[in-house]
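The next block holds one structure in the form of structure tokens; read it before the comments.
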Amino acid sequence: MATFSTTNLFLLILMLGSVRGERGVVLSSKLIHRFSDDLRRFSGEVTPPVYGSKEYLRRLLVGDLQRQKMKMKLGHQRQLLFPSDGGQAFASGNDLGWLHYTWIDIGTPSVSFLVAIDDGSDLLWVPCDCEQCAPLSAINYSSLDLDKNLNEYSLNDSSTSKPLNCSHQLCDLGPECKSPTESCPYTVQYRSVSTSSSGQLVEDVLLLSSSNSPSNSPLKASILFGCGKKQSGDYLNGVAPNGVLGLGLGDISVPSVLAKSGLIRNSFSLCFNDNGSGRLFFGDQGSTAHHWTPLLPYDGKYSTYVVGVDAFCVGKGPCLKQTAFHALIDSGTSFTVVPLEVYKKVVQEFDREANAVRANFDVPWEYCYESGGQVPDFPSVKLVLSNNESFVVQNPIFIFQGSQGILGYCLALQMIPGDVAIIGQNFMTGYRMVFDRENLQFGWSRSDCQDHNNGTSGPNSAPSSLPTDEEQRRQGGHAVAPAIAGRAPSKTSDASGSVNVPLLRLLCLLIFSGINMLRYVDT
């Protein structure tokens, strides 16, 4: 009996170890707000907007408006993307389109690319064997502090590169190719018909960093991406000159491919802090500290991250009646917008409880107040999500500061046509948000975004090749994806010193949420 028990114990330990290994590695990337000082050197902009100024605010809101118009036009076709990189990510200035960027390494030998992070599309593409691309000379991006030119990918220069054939399952227009052995073409239309990338699909290795790896040795994972031979529109004028990293739910996105390969869990986390930076973790499925609410289908399918809000709560009283709505969680939108009828109830209650003198700061927000030079004491704001889970908004206000200190603040909330809200970065500040695609749930817990203490260990190396067509078709299993992260605004802390624009940091994290449709067409 003693021998039997010892054996059982040994087997149990092995089983536990096996389960732990199956959780997968956690891959991370640091993100920086597009208006932050860290990113100024990357922006190429001589006179960026002053932090917290009206011009700073105006540019964020203009970006939000463009995204909202795009979402209304593209609707359910909107896709989400995912970046997988263990390096720094930077938020850009005006010269680079106010997007967030991160360095990734592709190929053998590896070549580095500064790609824009976009959670609104699926495809990763980089300039490749260029016929019509943005200039890559460092002289065109003097503020980037580059010691060499931006890179261009070439299929002939990487020993691990191979074109994707038209016969591959992920070549959408394969049947339209003249031969199944031809290279699969692609065209992605962004935000406007004038901005696009086209070329051919390629398979190669992407170098990844693991937060759990005892060494600095990168993981290598086979991924699919676009060899971008021709760019148009904004991509020829300094926006994403070195490529775009998609974070979407489509099968061709980097996170989806990594998940199906079994490298990471099908989940990722995004964290925003108050300095315009943040953390991105791939494979992060949260911790016991997280609250959870289900992700909901949009137009009958899971094409984006949507949650249900049962009620909007303001101040100390009961939650407001008839304030339920569906909300898109969008890290690319700076300020939260809600349906008109909900907006009316919220601002009226906020105004009643604020009990402060109204002010006019010549901004789009209607409800602004004087604060007497002090850090404002404002009514609390909370969302009750499905499953009766409370999401307390840390910074629903935007603070204005002048030479003599704090001038006042506004409730940073706007209305939007239709019945679907957009939860922007100002509501996300101070949280580690988990997008658990495997279990179709969204989680959140308070965090300063400085570290990840709940990572899980996993395989020490990635699969040597992409999943087969049969594996691509197989549903369920251990497929895992990635995680997107960023930084968010945080609470105001002190009236002295730099303006504590909580919402500001809400930054408009990049990401062209405009890439809705990924079409593969003849180039």
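Including glycine, each Cβ sits where the backbone N, Cα and C put it.
Per TrEMBL, domain 'Peptidase A1' is recorded for 100-445. For the domain 'Peptidase A1' (100-445), the model's average pLDDT works out to 88.
DSSP assigns Asp118 (active site) to a strand in the three-state reduction. What TrEMBL records for Asp118 (among others) is active site.
Among the features that TrEMBL reports, active site is placed at Asp330 (among others). Packing around Asp330 (active site) is summarised by its Cβ count: 29 other Cβ atoms lie within 10 angstroms of its Cβ, all protein chains included. The DSSP secondary structure for Asp330 (active site) is coil.
Annotation source TrEMBL lists region 'Disordered' at 446-496.
Marked as compositional bias 'Polar residues' by TrEMBL: 452-467.
For the pair Asp330 (active site) and Asp118 (active site), the Cα-Cα distance reads 11 Å.
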